[in-house]
Amino acid sequence: MKKSDLERSHYVLRRIELIQDFEMPTAATTIRVSRDGQYILAAGTYKPRIRCYDTYQLSLKFERCMDSDVVTFEILSDDYSKLVFLHVDRYVEFHSQHGHYYKTRIPKFGRDFSYHYPSCDLYFVGASSEVYRLNLEQGRFLNSLQTDAAEINVCDINPVHQLFAAGTVEGKVECWDPRVRSRVAVLDCALSSVTEGTEVEGLPSVSALKFNSSLGMAVGTTTGQVLLFDLRSSHPLLVKDHYYGMPIHSINFHEQLDLVLSADSKIIKMWNKDTGKMFSSIEPSSSITDVCVYPGSGMLFTANEDPKMNTFYIPALGPAPRWCSFLDNLTEELEENPESTVYDDYKFVTRKDLENLGLTHLIGSPLLRAYMHGFFMDIRLYHKVKTMSNPFAYEEYRKDKIRQKIEESRVQRVQLKKLPKVNKELAIKLMEEGDNEDALSAAKKKKAKVRNNILRDDRFKMMFENPDYQVDERSEEFRLLNPIVSKVGQQRRKKLQQLVEKEQEDQEDEELEGRASSEEEESSDDDKSWVEEVREQRRLIRAEERQRRFNERKKQDRNTNLQPRFYQIKTGEEFRSFGDVARKQKVQKTSLEERLRQEESSGMLNLTDTAVGSKQITFTLKKVSEFTVL
């Protein structure tokens, strides 16, 4: 079986065909859901036709062919019994439950229409400045509404207060009151859609229009912006850009989560209507022509430029419809067993890679699929561009392969342990520990592999290759930590040796009390030994620091030029510095009694008796001649 057949069979096994034959012969243009939720109607080609699917039966109910392609259609009743179709050849066709009922024609080519339930009027807009009104109760055309626009693209009627709004090619939205048939307001959306950082080509025309409740309105432009308005203000509350530059053709609101679902021909974006924050996005493989949300659920349908009409179910948006409630169980099973998507035929490239290859102009094209911080591109295109940008890549690849083959052949020879250029001591230590741990059993080797594989682990290879990671054994930090680390290594090796002996002798795990006490004493002695080593290292570090400072001062004194100062001794002065020092030393050696007797005889000390029987001593300071000695 071919690979393509295997992939196709695998896809068929995983595919869920929710509705049988949910497709068109060539392409689908418009899709709608009836108000009772039982019927799904879609218009497509070729040949032009309308198909109705019954959700209760999960199959096709009927199919009707048309004379021309359908621009758009509406369901006027709760089921499929009343339908209105607008054709490309200006015809308006009415269908009842049994089939074709009536056909009429409008003066200009139509692009969109809306139904006003209170008055039973159909409002048609198209390639004209007029809005044509067809009353279904009277069966005739009424006076048209004259606008200031050259052409009108879309229209919509508010379901609460029945305000009629029409989007023009000039980028304006004209609002009319059907009760008095007069214009009440004009919004300039073209000017409001151009914000800071927005690049547009041409005039932004209105391409989509949708009311939300009584005061909310969303407007889509042909340049890819969505504007949210409050009818009480002429300025938009929020401007959301799709960044594809394609016309917005479908806007829907999700009331439960306050989301806006806007779609162009490439992507469906779901975002919060208050903050503009992205909720999710869907990018089908084919161009999108219309989007329809199933009411009150997380399911939506898309009409595409492809025979198959897509059905998407997002559990975060809401539960599955009643007629396919089994989808909730399937999604729960998928969440329990997640599968990672592998892109075998794609190459992930970043923006920098695209700049190196010169492919930045492909951003936004179908050749690049945006993903995370880069893009997925076809692997064949990548190889082709890579070859063109680097013609010698094959030669480099060939040399690498030859080098790998040579290295593989060398593995069969006797391998010598080569030490790395950086941190050789650490590598030797790890090798010795690995050799010691080889003596352990297979159960114990699981932990040993972690340390032994450090030399072969790519995460740590820079530690043995980059000189910046060299361990400085002369640093203060290393000398203070080395006694502790070495002691821990000794204890670890001792413990490994005990385990080896224990396995060899097959002794029991229970230990005797005497042996336990001896181990405790050894551990306490080891603790004291490494503490002494740390203290010794600290003492050596302090001594080295003092020696270093002494050498610096000595060097500084040697480099300093000292200029001696000379003083002249005047005539008549006696140089008695050495005699005074000797005399002072002699006085200090005598007793106190002798010194007092000498000072009294010299007249420096005077002893007198007082009235209370005490002695009073008076000292007389001897004048000493002043001189300077250098």
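Backbone N, Cα and C define each Cβ position, glycine as well.
Keep in mind that TrEMBL annotations are predicted by a computer and have not been checked by a curator.
Not measured: the values here are computed from a predicted model.
According to TrEMBL, the feature domain 'Nucleolar protein 10-like N-terminal' maps to 14-337. The average pLDDT computed over the domain 'Nucleolar protein 10-like N-terminal' (14-337) stands at 90.
The DSSP breakdown of the domain 'Nucleolar protein 10-like second' (342-390) into helical (H, G, I), extended (E, B) and coil residues amounts to 21 helix, 14 strand, 14 coil. The domain 'Nucleolar protein 10-like second' annotation in TrEMBL covers 342-390.
Taking DSSP states H, G and I as helix and E and B as strand, the domain 'NUC153' (457-483) has 18 helix, 0 strand, 9 coil. According to TrEMBL, the domain 'NUC153' annotation covers 457-483.
Annotation source TrEMBL lists region 'Disordered' at 496-531.
The compositional bias 'Acidic residues' annotation in TrEMBL covers 503-512.
Within its own chain, the domain 'NUC153' (457-483) has Cβ neighbours under 8 Å at 420-423, 425-427, 530, 533-534, 537-538, 540-541, counting only residues six or more beyond its boundaries.
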